[in-house]
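**Q** Structure incoming, see below.
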């Protein structure tokens, strides 16, 4: 498709959408868009501050690599809210009149690129974090010697560049991103699918997203099973496993949030790609799936805000007090210190220790 012909879909799509647009309340949609954008930006900003502070405090390799990837994920969510939310509010404020403010289809293309990138990149980073933790738990020697912060930064850059490449594929193939039926967002062509290329972009996007979720699930399952086996087999290195446990809990929460939020949208896009113009998917269904996917960028930062040792410890104490249970300062992250205390007590009660104490007291008497 030539560049001149690529400019035509903006106006033609807008004309077709005029008859198939979703019936949405403009004022209510503007209000919710502003609320979602504000909450997302504030939440991700708070999570970025927490992760950066944790990265400065924990310089150990096993923690630093995870925190770098987590920071990249939250920063991606932050800019996704900032760009996508800002464009959406502008579209609503302009009464969704794309022909008037975007005749050249530039804004729609930017919107579509940002939608694809901010959708796939967090999923890719989530699977990368799961792989990193799986290696750290199953092969700690290789992780500590081969996976450095420099390597993690290179991997982070590579993941982001691949997500950018996927987002730019339609532009490189001289295809425009299309205004969707609700006239509030832009994405791949989901209406009036003409050829295999339209189906390819939708299937490629859905396949990559579902693959990332599958990798996260597999790696987290292996990590969890390994930690359980080590726990029952040996009681050494509790403190090291406590860091693994905290990060795995966060990974499981991210995976659950991503699956719940993104699966409907990914399956919907795959359904449209497979069935084409005969797809039973309605505009309202697609818009609902999109809004669920948007919630992923809001919930992701709260995983790092809430699922921290200090917060969980306080929540545990609060819940126990509310239930009327007497609390002993005992939780999973303090087992190592208790074990060390027991070891010290056992050594102090041994005969050798008693002799040393008697010699020390006699010398003190002299």
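The backbone N, Cα and C atoms fix where each Cβ goes, glycine too.
Because the structure is a prediction, the values reported are computed rather than measured.
Straight out of Swiss-Prot:
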{"type": "DISULFID", "residues": "108-186", "note": "disulfide bond"}
{"type": "TOPO_DOM", "residues": "1-31", "note": "topological domain 'Extracellular'"}
{"type": "TOPO_DOM", "residues": "56-69", "note": "topological domain 'Cytoplasmic'"}
{"type": "TOPO_DOM", "residues": "91-109", "note": "topological domain 'Extracellular'"}
{"type": "TOPO_DOM", "residues": "132-152", "note": "topological domain 'Cytoplasmic'"}
{"type": "TOPO_DOM", "residues": "176-198", "note": "topological domain 'Extracellular'"}
{"type": "TOPO_DOM", "residues": "225-250", "note": "topological domain 'Cytoplasmic'"}
{"type": "TOPO_DOM", "residues": "268-285", "note": "topological domain 'Extracellular'"}
{"type": "TOPO_DOM", "residues": "308-366", "note": "topological domain 'Cytoplasmic'"}
{"type": "TRANSMEM", "residues": "32-55", "note": "transmembrane segment"}
{"type": "TRANSMEM", "residues": "70-90", "note": "transmembrane segment"}
{"type": "TRANSMEM", "residues": "110-131", "note": "transmembrane segment"}
{"type": "TRANSMEM", "residues": "153-175", "note": "transmembrane segment"}
{"type": "TRANSMEM", "residues": "199-224", "note": "transmembrane segment"}
{"type": "TRANSMEM", "residues": "251-267", "note": "transmembrane segment"}
{"type": "TRANSMEM", "residues": "286-307", "note": "transmembrane segment"}
**Q** So if I measure Cβ to Cβ from residue 186 (disulfide bond) and keep only same-chain residues at least 6 apart in sequence, which ones fall under 8 Å?
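**A** Residues satisfying the criterion: 108, 109, 111, 112, 115, 177, 178, 179, 180.
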**Q** I'm a bit unsure how to read this: which one of 70-90, 110-131, 153-175, 199-224, 251-267 has the highest number of Cβ pairs shorter than 8 Å with the transmembrane segment (286-307)?
**A** 251-267
**Q** Can you say which of 110-131, 153-175, 251-267 has the most Cβ pairs under 8 Å with the transmembrane segment (199-224)?
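**A** Most contacts with the transmembrane segment (199-224): 110-131.
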**Q** For the topological domain 'Extracellular' (268-285), find every same-chain residue at least 6 residues outside the stretch whose CB is under 8 Å from a CB in it, and list them.
**A** 20-22, 180-182, 188, 190-193, 198-200, 202-203, 205-207, 210
**Q** DSSP on residue 186 (disulfide bond), three-state: which is it?
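**A** DSSP assigns residue 186 (disulfide bond) to strand.
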**Q** Go ahead and report the DSSP secondary structure tallies for the topological domain 'Extracellular' (91-109): helix first, then strand, then coil.
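**A** Summed by class, the stretch gives 11 helix, 0 strand, 8 coil.
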